[in-house]
Amino acid sequence: MLQKLQAGNHPQPFKGPFSITRIQPSDILKEDTGDTAFGPLSNIDHAVMKKGLTIKMHEHVNDEIFSYVWKGISYHRDSAGFEAPIAPGKLMMMNAGYSFWHEEKVKKDEVEMLQIFVRPRETDLEPAIQFRDKPVDNRDWYLMVGPEESDAPLYVRQNVFIYDAHPKAGDELNIPVHESLKPFLYVLDGEIIIEELTINRLEAVTDLENKMPSFTANAESTVVLFFVDMDAPMSIAGTISGLGRK
């Protein structure tokens, strides 16, 4: 049975030059779990950062953080000594472990992006930083992130896979399958229809019982698809991923 997470009630912990709409994936579930997470998928921060903004150097611990920029360029600097522009087609994964510091700066046009927080399998792992380029206009699924033993270009220290796609209006996409993992399909922008449900920007859909049916894009869209091990062991000691429901 399809279950939809509607827009409109997402918390907004920050507003102004740096605004965050915080998607709490557990809100898609029928029952109140008392937590924000869908398995180890803790939060999806849909952020907009205005020109001239600097998010000063700050620490994360025990967060796996996937940065997915949809528009603009964020200039990244971190405690591992890396400086890199993060933009559409340029992915970043911060595996914070026991301590990782980073700063983000917007020099030109505003940035719209997702910061995706996953709870790691255990506490106080070694910190790491990863970068990878990808196509910017793939109309079909592109695997971006997966467990360490997977073929994904970026690894997360958890049993989670993350794909994206940029279908045009009228495109129909089949949903892949990962045995024993549950899907969570988020619409970053645009509109899709799946069976009788219309899923708009800032909304999501899942099916915890059956294979997800295909969907059709009603408009040019960007969608991010997660597959999550709902029973995975995880640390809840993360700076953001461990916050729980507010």
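The backbone N, Cα and C atoms fix where each Cβ goes, and this holds for glycine too.
Because TrEMBL annotations are produced automatically, they should be read as predictions rather than curated entries.
Computed from a predicted structure; not experimentally measured.
Feature annotations, courtesy of TrEMBL:
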type	residues	note
BINDING	His58, His60, His102, Glu104	Fe cation binding site
DOMAIN	49-118	domain 'Pirin N-terminal'
DOMAIN	143-226	domain 'Quercetin 2,3-dioxygenase C-terminal cupin'
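This view paints the features noted in TrEMBL onto the structure.
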| residue | record | contacts (Cβ under 8 Å, 6+ apart) |
| --- | --- | --- |
| His58 | Fe cation binding site | Trp101, His102, Glu103 |
| His60 | Fe cation binding site | Met94, Ala96, Ser99, Phe100, Trp101, His102, Gly238, Thr239, Ile240 |
| Glu104 | Fe cation binding site | Met49, Thr54, Ile55, Ser74, Tyr75, His76, Ile86 |
Extra residues within 8 Å (Cβ to Cβ centroid of His58, His60, His102, Glu104), Fe cation: Ile55, Met57, Glu59, Asp78, Met94, Phe100, Trp101, Glu103
